[in-house]
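J.: The structure's right below; bear with me while I get my questions together.
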Amino acid sequence: MNYQVLLYYKYTTIDDPEQFAQDHLAFCKAHHLKGRILVSTEGINGTLSGTKEETEQYMAHMHADERFKDMVFKIDEAEGHAFKKMHVRPRKEIVALDLEEDVDPRHTTGQYLSPVEFRKALEDDDTVIIDARNDYEFDLGHFRGAIRPNITRFRDLPDWIKENKALFADKKVVTYCTGGIRCEKFSGWLLKEGFEDVAQLHGGIATYGKDPETKGQYWDGKMYVFDDRISVDINQVEKTIIGKDWFDGKPCERYINCANPECNKQILVSEENEAKYLGACSYDCAKHERNRYVQANNISGNEWQQRLTNFDDLHQHA
């Protein structure tokens with residue numbers, strides 16, 4: 001495989017995010033890179049793909065900048081680009097938590113745990129493990145025994161914690177996320193909220209899965225990623241599927257977006273059920289006039305109506 005996918009972040013001061021974003025986009029395009037990068041006064045958060053040569057040049061370019069000289073890149077091999085376009089966007093935050101009083105992870109953050117230390121935490125009954133990701137990420141794969149916050153956006157996590165604080169009272173709290181960036185700020189917020197013993201998986205799930213000692217142990221399912229790959233394997237010790245098909249509940253690790261462009265809900269569904277239910281999550285979405293699955297597959301009006309009756313069968317067996 002001649003391509004690489006990079007995942008990285010760095011909390012550091014960027015004085016002019018707008019100008020930085022403009023210059024950075026030009027550099028990335030000149031090196032034929034594709035991906036999504038967010039920049040703000042608090043730092044950079046990115047994931048991109050390119051050939052090995054181009055991604056190596058990118059990493060060297062970043063490490064030559066004093067602000068990013070020690071930035072860690074998580075690297076996956078790939079057969080081609082994992083993105084269709086290149087975006088570099090200035091933002092208020094590089095990860096949106098939208099706190100009234102912001103947290104600076106450079107000054108306030110939870111204790112870093114290595115993969116081996118995190119594995120010990122997973123084995124400790126007195127430690128609470130919180131998944132800091134969204135519900136659809138958790139449903140595809142997560143660490144065994146981790147708590148699933150019922151959220152669809154990271155910014156909703158603090159409110160969920162406040163509502164469920166009794167679950168974590170007087171216990172050691174350890175949190176994890178994909179690459180570590182969300183936990184940097186979230187664990188700092190937990191400390192400010194009065195939680196005394198707070199730690200985080202340093203480098204996130206991506207680092208844990210590549211560690212030669214842990215080899216992804218205790219991870220069930222796949223890890224959701226925000227690129228064209230959709231998911232990647234983590235556990236090198238044992239393979240389990242925990243995702244369930246939206247319609248029939250059978251084991252499934254295939255995510256699609258609902259074919260209704262006004263819905264776009266992510267659901268786990270087999271190719272067979274995607275066709276059967278017109279790529280939609282519900283009857284209302286399946287009959288939507290702009291159904292993308294219907295358009296992409298040139299389904300006739302009669303066939304469309306016929307497949308809509310599959311939802312009647314679904315409700316009868318529910």
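Every residue, even glycine, has its Cβ placed from backbone N, Cα and C.
Pulled these from Swiss-Prot:
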type	residues	note
DOMAIN	123-217	domain 'Rhodanese'
ACT_SITE	Cys177	active site, cysteine persulfide intermediate
J.: What is the average pLDDT across the domain 'Rhodanese' (123-217)?
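T.: Averaged over the domain 'Rhodanese' (123-217), per-residue pLDDT gives 95.
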J.: Which state, by DSSP, holds Cys177 (active site, cysteine persulfide intermediate): helix, strand or coil?
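T.: Cys177 (active site, cysteine persulfide intermediate) sits in coil per DSSP, no helix or strand.
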J.: For Cys177 (active site, cysteine persulfide intermediate), just count the other CB atoms lying within 10 A of its CB, please.
T.: 24
